[in-house]
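Undergrad: One structure coming up, written as structure tokens, with questions to follow.
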Amino acid sequence: AKMAYVGERLYNEFIRKKMSILASHVKVREIVPYLPCLTITDREEIEAKRETAGNYTAMMLLLDNLRRRENWPDQFISALRQCEHQTLADEISEVYDGIRGIPTFPWFGMDIGGTLVKLVYFEPKDITAEEEQEEVENLKSIRHYLTSHTAYGKTGIRDVHLELADLILWGRRGNLHFIRFPTQDLPAFLQMGRDKHFSSLHTILCATGGGAYKFEADFRTMADLQLLKLDELDCLIKGVLYIDSVVSSGPPECYYYENPTDTEHCEQKAYNLENPYPLLLVNIGSGVSILAVYSKDNYKRVTGTSLGGGTFLGLCCLLTGCSTFEEALEMASRGESTCVDKLVRDIYGGDYERFGLPGWAVASSFGSMMCKEKRDSVSKEDLARSTLVTITNNIGSITRMCALNENIERVVFVGNFLRVNTLSMKLLAYAMDYWSKGQLKALFLRHETASTVRPSPTPTVKAPGYLKFRLAGHPRKHNEGRIEVFYKGEWGTVCDDDFSLANAHVLCRHLGFVSATGWAHSAKYGKGAGKIWLDNVQCSGSERSISVCKSRGWGNSDCTHDEDAGVICKDERLPGFVDSNIIEVQVDERNVEEVRLRPVVSSKRLPVIEGVVEVRYKDRWAQICDNGWTPKNSRVVCGMMGFPNERKVNKNFYRLYAERQKNYFLVHSVACLGTEVHLAACPLEFTEANATESCPGGMPAVVSCVPGPEYAQNRAMKKNLKSSSTVRLKGGAKPGEGRVEVLKGSEWGTVCDDRWNIQSASVVCRELGYGSAKEALTGARMGQGFGPIYMNEVQCTGNERSLWNCRFKNITAEDCKHTEDAAVRCNVPYMGFEKTVRITGGRTRYEGRVEVLRTSTNGTQHWGLICGEGWGTKEAMVVCRQLGLGYSNHGMKETWYWDGSNVTNMVISGVKCTGDELALSQCQQHKTVTCQKTAARFAAGVICSETASDLIMNAPLVQQTGYIEDRPLHMLYCAAEEDCLSESAAKVNWPYGHRRLLRFTSQIHNIGRADFRPKAGRHSWVWHACHGHYHSMDIFTHYDLLSVNGTKVAEGHKASFCLEDSDCEEGVSKRYECANFGEQGITVGCWDLYRHDIDCQWIDITDVKPGNYIMQIVINPNFEVSESDYSNNVMKCNCKYDGNRIWFHNCHT
């Protein structure tokens, strides 16, 4: 409500400056006849106001009446001219022309709160073709950024259901759009404002909320925008009335819940807000403000509370580990607060009748958490629900007392806390009605609360509280498959009776795709198992959830699994939806929740490679009888534990051990084929409850596994694997994950994801020394490869020793693109590395000061800091990998800006990693701590990221474009200034003579999953007048000529490039260009091209003798910018130089 008023207020700031002049020079009675847009009723009201309140007030009423009409300023100025008030008309016209002269698009307003920023923008409809071409395209760019850009696309939400369509603002007709994002992401918004050149479109930005004052300087310095600050309480009250007045279509804006004490069946009813005063206005944002409003301009702040939406989110983050408001609410919707709170009946055994307290009322929020047994039994969902109930009840209690004190019966609740929070709305409605015995009514607004979702077809059954969806079956790709629904703790299918494309549209949106392209019947993707949750589903296609479509009801079906429905979704993701593209292990784990190897000897040594097989069932560990146990069973278990193979075990030792133990056998027998990736996928026989002997003559199953080279004690095995393997994983952040690449001849290529499945992925994992596959990933989930695609439609049984032994098709040009590169995540042995390092003090769990766990000589453990001297990206890579936080974004040498823990002691220095290590303990470090700056502010820190860029040189293009040029010295002054020539150039007689240059074209592709951006901010870029651009990186690429034994024979080119998108793949837009001090970088799917004929695109070989050489190009040689893979940053070519010509061959990365 506040936001809708902000846009209009900007115009009023100009007009009201002329009000005193208008009222003193122009009589209302004089101008009204020249305004034909006024009705008879309008004229009578204005005349009545003039008689009772005077000309000034009547003029205000006239303007308030006019401003809701289309093109009213022109009509008003024309009327002034007809009344012969020419000078005044000219002055107002000049002001209006000035307003119209401001580029009208986009029109933004912001409410900057303590937790969330709410943004509104107006999209005019009556625009010219020229405006449309320039302005609408700009809006699309901005809208796309706000909802899907990687800067904060996961947190920016565009509330489509809040749009106000076809309203008049500033005398123009158009639509009002709403967006919200966390206040902590405001710097990313300002960066976007600078990148998109907001100041060239709109120099003044309206803002309300406390952040309008707090961040005013940031808007000015970072985005060159001036803020017009508006008091948030003024905006709040007038915004409520404004929204109510402009919503002309659909249900009325204001509503209440009828029969609120029946929370299951209470219904929304419209409420007329035409005569609203007095009312109590409760604004629930980060905190709560309560206002008593007696008229449009007469209100006071009664009180407030610091326990609001910010409290709810903060406590939920602390108690449950969630990170967003929506996630916290979703958890609360599945919880039960009575498990956490102490109720009246818990104290009195029932109602406390004397004071009218029912037994179900909360006596003490979180009171039951004093009991350890209660603490151990509650879930995170219960804690979230109790937190929500506690805060909502507190707000309701304070509001009720204020309403009684002010003698006000109408209470309007607004604020972003209620936007998607039906739970709190119903609690507030209940509290107001119950405790006031029906005297108080809680009112809500459609454009402030969750009721703004437009009505969908009436569901035939009660909507479920929590649903999940997945695609299953085979053969399939990531965007197609059997549709499965998770309901009431169990996965089930959907029957194909009455199924339609409209149903598929709804289900594909649940899965994160924009729409469906088709559907499948008769179990095309294989028969499912378990429940058939839905049958005879009939959707229109526009529903927000499958639960509101007509059906027979949950679990009510006459189908068999031969009728399981499938969907084919359009391979385009919804903005902001986390793109999984995962074909995961989908097995029934109801009977086998978890599997482990319990070691009998060396229990503290990791990884555990041998032990008793145990399964977890109903919070209890049990054994498996080894009667009929086979090596194939062991193979499956070892694969789950992260090991490629099994081996024989000494059963005699374990039999003696088992005889001394009390065993509980859950599984009587197992019959795996050896190709399964989970024990639960094998046929299992469970021990009957009444069996006299659960494992007659047998003992617990014992398994011994062979670790892969990376986890073996013998490190020579690891080197042997790297040199001999014909398959590798690239682009992954952790061991055992990445894009699958295979070696053919001397060149690596990728695998297309057509028919890619978990069995084929397992063959890759085991070939590389890991266990079975955890996930098979499609759609270039680990970044796109470069070069050839060798394999398509790979079909493995799971027994093959190499991917090359599987059936596959050779690729044709039309088959696949690199957007379809297959990838894997493998099961890897548990090493416990994450327990020995942590990061503290950061704004998110992805950043902070690094602390390591050390053991003293007396056996005690303590946390300590790492000296920041020499700390860099590669060291940060290891920390991020060790903690499972993805890739390294930055390695920080100083961390004074983070509030770390109370740890102050430096315990490690001189850390030097190659970047491949699994843990910091595997990196080099000083034997004794040697650190010049020992204060905690100089401790090492990291910023991790889920994605990273990945640069690679186009080797074939280098090979095709190499040649020699003798270039006169008088043409090389700029090159000499940039140090692009060898040292001997400084000793020659300038400008006479020439230099012999080895020239070639470089094309540097970003095949990663994040844009490559220079580390240095724009303020520190260096202007190079000779070449006319800014250098964003001191050293971006080394160009070197080496002898055959690796010795450098020609000066390397230390290139400080201007980074930009020269061209991109189809469907990818350029984001970076060097012109006009533009942002620099390389977008994912784009490349930066340096033609052979530009300055410094060479190696100076003037002093090189004829012979055989190696030409080497190294991108990002100092690892200044984070990448997912540095190994492909080096490109080498064999060269033959005869003194006049040069030949490149075998160029490769």
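If you go along the chain as it appears here, the first residue is 1 and each next one adds 1.
Heads up, the Cβ atoms here are built off N, Cα and C, so glycines get one too.
A quick note: this is a predicted structure, and the numbers were derived from the prediction, not measured.
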Undergrad: Please work out, from what TrEMBL records, which of Cys752, Cys765, Cys880, Cys913 forms the disulfide with Cys816.
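TA: That record, TrEMBL, gives the partner as Cys752.
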Undergrad: With the disulphide bonds as TrEMBL has them, who is the partner of Cys931, out of Cys867, Cys880, Cys974, Cys980?
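TA: Disulfide pairing in TrEMBL: Cys931 with Cys867.
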Undergrad: Looking at TrEMBL, which of Cys495, Cys508, Cys625 bridges to Cys559 via a disulfide?
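TA: TrEMBL lists the disulfide between Cys559 and Cys495.
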Undergrad: Between Cys923, Cys944, which residue forms the disulfide that TrEMBL gives for Cys913?
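TA: Going by TrEMBL, Cys913 is disulfide-bonded to Cys923.
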Undergrad: If you pull up TrEMBL, which of Cys508, Cys539, Cys625 shows a disulphide to Cys569?
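TA: It is Cys508, per the disulfide annotation in TrEMBL.
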Undergrad: For the disulfide involving Cys765, grab the partner from Cys695, Cys705, Cys826 as TrEMBL records it.
TA: Cys826
Undergrad: For Cys826 (disulfide bond), just count the other CB atoms lying within 10 A of its CB, please.
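TA: Cys826 (disulfide bond) is surrounded by 28 other Cβ atoms within 10 Å.
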Undergrad: Which stretch from 597-706, 727-827, 837-945 shares the most C-beta pairs under 8 Å with the domain 'SRCR' (469-570)?
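TA: Going through each listed stretch, the top one turns out to be 727-827.
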Undergrad: Taking just the CA atoms, what is the gap between Cys508 (disulfide bond) and Cys931 (disulfide bond) in Å?
TA: 56
Undergrad: Could you tally the C-beta atoms, other than its own, that fall within 10 angstroms of the C-beta of Cys495 (disulfide bond)?
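TA: Excluding its own Cβ, the number within 10 Å is 24.
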Undergrad: When a 10 Å sphere is centred on the Cβ of Cys559 (disulfide bond), how many other Cβ atoms does it contain?
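TA: Excluding its own Cβ, the number within 10 Å is 18.
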Undergrad: According to DSSP, does Cys867 (disulfide bond) fall in a helix, a strand, or coil?
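TA: SS state of Cys867 (disulfide bond) = strand.
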Undergrad: Quick check for the class: what is the C-alpha distance, in angstrom and rounded, between Cys672 (disulfide bond) and Cys931 (disulfide bond)?
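TA: Computed Cα spacing between Cys672 (disulfide bond) and Cys931 (disulfide bond) is 56 Å.
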Undergrad: C-alpha of Cys495 (disulfide bond) to C-alpha of Cys682 (disulfide bond): distance in Å?
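TA: Pair distance, Cα basis, whole Å: 26 Å.
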Undergrad: Nearest to Cys796 (disulfide bond) by Cα, among Cys569, Cys752, Cys931 (disulfide-bonded residues)?
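TA: Of all the candidates listed, Cys752 is nearest in space.
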